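Database features (Swiss-Prot):
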type    : residues                   : note
BINDING : CYS8, CYS12, CYS24, CYS27  : Zn(2+) 1 binding site
BINDING : CYS80, CYS82, HIS96, CYS98 : Zn(2+) 2 binding site
ZN_FING : 2-36                       : zinc finger
ZN_FING : 61-106                     : zinc finger
Amino acid sequence: MTGEPSLCIRGCGFFSTSQTKNLCSKCYNDFLKDESARYLATFNVNTKAAEEVTAQEATVLGSKGGCACKKKVGLLGFHCRCGHLFFASHRYPEEHSCPSDYKSAAIDVLAKQNPVVKGDKLFRL
């Protein structure tokens, strides 16, 4: 402990400690309430944003039946590049009438990942 007690930094006239950020007990409790209110306000904003995103996903996906057969997929569904859901019997693009061109996309990816490397020709003597 230090020799001389310090007063509250908010000027209320009560004594404070360094453990309570140089605030008296009343001011420190008020400070904690304000901090928790700020935290809850940011938490509520984040949850509202997350709820909006899930609501948008729900409207896009509907009843989780992303194909023409209207079968409910549940947790077994996968998202296709076109945005539809498909499962084991629809795992081929032709089965769920996917407009995405997988072959040309795969060829482009392979061309970028594996560039053609040619060395200089050596002249024979």
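Note that Cβ sites are derived from N, Cα and C of the backbone, with glycine treated the same way.
Neighbouring residues of the recorded Zn(2+) 1 site, listed in sequence order and excluding CYS8, CYS12, CYS24, CYS27, comprise LEU7, ILE9, ARG10, GLY11, GLY13, PHE14, SER16, LEU23, SER25, LYS26, TYR28 (Cβ within 8 Å of the Cβ centroid).
Using a 10 Å radius centred on the Cβ of CYS98 (Zn(2+) 2 binding site) and all shown protein chains, the other Cβ atoms total 18. Secondary structure of the zinc finger (2-36) per DSSP, as helix, strand and coil residue counts: 15 helix, 6 strand, 14 coil. For CYS12 (Zn(2+) 1 binding site), the same-chain residues 6+ apart in sequence whose C-beta sits under 8 angstroms from its C-beta are CYS24, LYS26, CYS27. Cα separation, CYS80 (Zn(2+) 2 binding site) to CYS8 (Zn(2+) 1 binding site), rounded: 61 Å. Here the CA atom of CYS98 (Zn(2+) 2 binding site) lies 69 Å from the CA atom of CYS8 (Zn(2+) 1 binding site).
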